[in-house]
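TrEMBL annotations:
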| type | residues | note |
| --- | --- | --- |
| ACT_SITE | Tyr136 | active site, proton donor/acceptor |
| BINDING | Gly9, His10, Arg11, Gly12, Leu13, Val14, Gly15, Leu105, Gly106, Ser107, Ser108, Lys140, His179 | NADP(+) binding site |
| BINDING | Arg187, Trp202, Arg209, Asp279 | substrate binding site |
| DOMAIN | 5-226 | domain 'NAD-dependent epimerase/dehydratase' |
| SITE | Ser107 | site 'Important for catalytic activity' |
| SITE | Cys109 | site 'Important for catalytic activity' |
Amino acid sequence: MRRKVFVAGHRGLVGTATTRALECASENYVVLTRTHQQLDLEDRDATFEFFQKEKPDFVVVCAAKVGGILANSQLPVDFLHQNLRIQLNVFDAAYGSGVKRMIFLGSSCIYPRDCPQPIKEEYLLTGPLEATNRAYALAKIAGVESCRSFNKQYGTQYLSLMPTNMYGPGDNYHPEHSHVLPALIRRLHAAKVAEQPSVEVWGSGTPRREFMFSLDLGFAIRFLLGLSDNVFSTLTAAHVAPLLNVGVGEDITIRELAEMIRFTIGYEGELLFDVSKPDGTPRKLLDVSRLHNLGWKAQTTLNVGLHAAYEDYLKTLDKEKK
Ligand SMILES: NC(=O)C1=CN([C@@H]2O[C@H](COP(=O)(O)OP(=O)(O)OC[C@H]3O[C@@H](n4cnc5c(N)ncnc54)[C@H](OP(=O)(O)O)[C@@H]3O)[C@@H](O)[C@H]2O)C=CC1
Ligand SMILES: C[C@H]1O[C@H](OP(=O)(O)OP(=O)(O)OC[C@H]2O[C@@H](n3cnc4c(=O)[nH]c(N)nc43)[C@H](O)[C@@H]2O)[C@@H](O)[C@@H](O)C1=O
């Protein structure tokens, strides 16, 4: 039987990848989508009406207010309230329309700031949060708690994935509000074209991050949705924390990332580190052994993924010119 899967936020980075992965298995899944304009998930009545009419079997919640370190520090109300509203509406409407299996996107940045490394799922809520994304983290932690509570009270199969920093086709290349990888692709490309002698990189360059290609996350989501009830329910049973880390298992410094991007783009100028900008969490490397034990591993190396991401950026520029 083909399952009807609502991918909320299908035009974003993770939603694009999830939709592509599910569409590669069209014998098993029919993908249901709505743009933000067609369905504002902050609108409770519209969200309920949509779920009652469409009655999806599965839901993947990729719709969220998302941004890099600066956007998170400058717009905490937006990150807290928009995400809480989307989550409350989607969880209630999904449960109300009989959705049994849901994948909610959490994030590695919602673990305590100074966690032991690599970060295991059980470290959630064991220490203070990183100040730059505290509001966003609290909204996401509420989403994780919604999964746990629905599973406990109603026997649903709602699972929170905890992905590491993502990048890939359809990324947000905003000069200030994006994440580091698309921001540096944009800035280094512009510097190459303008033959600038140097480029600014925020912070000290010493924080470590783990980067995963978005299509790998899309395939991880497809893998998880394809698990049997027996296996999936071990991840969402009433007595377990419904969390699963998704990452590549290796991290690099921001300086190393900037050097790799410089090489990918072919920019020969200097990198200047602006320490007046925040570093954020010093390190957030995920322990991905639970996911590996289920039988899934990321496939794309950072080097290969960076070339694909740069190609995507060049296509985005071409589209902007037309
Ligand atoms: N990017 C990353 O590095 C990571 C992301 N995640 C998580 O993955 C999920 C997806 O992130 P990502 O793909 O990067 O985010 P994007 O910003 O790329 O995409 C978010 C999508 O959600 C849509 N959206 C936002 N608000 C609403 C709304 N009220 N109603 C309907 N649609 C809405 C956006 O539409 P529009 O653009 O039209 O507003 C957009 O299509 C998030 O939960 C995020 O926390 C987790 C770890 C890392
Ligand atoms: C995915 C995750 O993303 C955010 O957390 P973050 O990992 O700190 O994300 P970031 O990609 O913005 O920065 C990573 C590092 O890189 C440095 N850095 C250098 N130069 C640029 C730069 O030009 N832009 C940005 N954004 N960062 C830069 C920057 O100073 C920092 O040290 C959270 O909001 C959180 O909510 C979340 O979900």
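Quick reminder: no glycine exception, Cβ is built from N, Cα and C everywhere.
Counting only residues at least six positions away in the same chain, the Cβ atoms of Gly203, Ser204, Thr206, Pro207 sit under 8 Å from the Cβ of Asp279 (substrate binding site). Counting Cβ atoms from all protein chains shown, Cys109 (site 'Important for catalytic activity') has 24 others lying within 10 Å of its own Cβ.
Take the CB of Gly15 (NADP(+) binding site) and look out to 10 A: across all protein chains shown you find 23 other CB atoms. Taking Gly9, Leu13, Ser107, Trp202, Arg209 as the candidate recorded positions, the subset whose CB lies under 6 angstroms from any atom of ligand 1 consists of Gly9, Leu13, Ser107. When the Cα of Gly106 (NADP(+) binding site) is compared against those of the recorded positions Tyr136, Arg187, Trp202, Arg209, the shortest separation belongs to Tyr136. Counted over all residue pairs in Gly9, His10, Arg11, Gly12, Leu13, Val14, Gly15, Leu105, Gly106, Ser107, Ser108, Lys140, His179, the record's binders of NADP(+), the longest Cα to Cα distance measures 22 angstrom. Whole-number maximum of the Cα to Cα distances across the substrate-binding residues Arg187, Trp202, Arg209, Asp279: 19 angstrom.
When the C-alpha distances from Cys109 (site 'Important for catalytic activity') to the binding-site residues Arg11, Leu13, Arg187, Arg209 are tabulated, the minimum falls on Arg209. In sequence order, Pro175, Val199, Glu200 are the residues near Arg187 (substrate binding site), counting only same-chain partners six or more apart with C-beta under 8 A.
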